[in-house]
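Colleague: Grabbed the feature section from TrEMBL, which reads as follows:
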type	residues	note
BINDING	D14, S15, Y46, G47, N79, T80, T186, H187	substrate binding site
ACT_SITE	C78	active site, proton donor/acceptor
ACT_SITE	C185	active site, proton donor/acceptor
Amino acid sequence: MAAERAHGPIGVFDSGFGGLNILAALRDLLPSEDLVYFGDSARSPYGSRPADEVVRFSLEIGRWLVDEAGSKLVVVGCNTASAVALDALRAELAVPVIGVVGAGARAARRCVGSGRVGVIGTERTIASGAYQRALADDAGVAVACPGLVEFVEAGQTTGPAVRAVIADRLAPVVDAGVEVLLLGCTHYPYLAREIQAVVGEQVTLVSPAEEAAFEVAQRLGADGLARSGAVGSLRVACSGDPVVFREIGGRLFPGELGAIEQVPVEALECRRTRSA
Ligand code: DGL
């Protein structure tokens, strides 16, 4: 059974483009694995949506990744979806599910000394309290940063306008004097230069992507699902316009995305079951 399942790809999903940073980390760490990425670009952003809606969308995509794409493991690359939908996904899907919240909190806790870990994320991620719970005793200030995702998707990752908004949103982080700042949103690593300039060099910035990829590697090894040998394939699908996905995703992903498939929202909604 494990040998059969080991042939499947690793499925990764995000509300849109941001999870491409986790896809890149997986490709670098696990070059022999086939990867399938789903970006829900027609319904992005998730960060200001109600939790039950994010759970519903996540379940639809999880089912697509497992039933249609044959994934042997699912990575929830979206912080918002990890924060609110991880338990539902684990209850529903018959494959291991790994989220970025646990990975990010673990990486941040490893970096912190006597100080605290601040976390920034979308409104829904911060309101869920998921990072704060995962950081436990190390948790410091937690701040929602609306507006930053839009800058990244517009290709604006540096400059005075971006820095002014970051300085405004991160004022409570600066006031709290955290030792480590966890970038709890897929898009924030693209703004790391400006975030670092605002919080100061003494603050260590941590992003969950690499740690999540290590967790995947460990889990595949433990379950006998790892592949070795030839370079794996990449399949990319999105719910929105594939031309727009290529345009924005191509800027964020260091490599060739290949042909981008469109899976319309209606095709995902067909995958609803009694639990959604
Ligand atoms: N991918 C989302 C996250 O990491 C950010 C974009 C959105 O709000 O959908 O929380």
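Yeah, the Cβs are placed from backbone N, Cα and C, and that goes for glycine too.
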Colleague: Which of the binding-site residues S15, G47, N79 has its Cα nearest to the Cα of C185 (active site, proton donor/acceptor)?
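Modeller: Checking each of S15, G47, N79 against C185 (active site, proton donor/acceptor), the shortest Cα distance is to N79.
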Colleague: Take the mean position of the Cβ atoms of D14, S15, Y46, G47, N79, T80, T186, H187, the recorded substrate site. Which other residues of that chain put their Cβ within 8 Å of it?
Modeller: G16, G18, G19, S44, P45, C78, A81, T122, T125, V149, C185
Colleague: Any idea what the Cα distance is from S15 (substrate binding site) over to C78 (active site, proton donor/acceptor), rounded to a whole Å?
Modeller: 6
Colleague: List every residue in the same chain as T186 (substrate binding site), at least 6 positions away in sequence, whose Cβ is under 8 Å from its Cβ.
Modeller: D14, F17, G18, G19, N21, I22, G77, C78, N79, V100
Colleague: How would DSSP class N79 (substrate binding site) in three states?
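Modeller: The three-state answer is helix.
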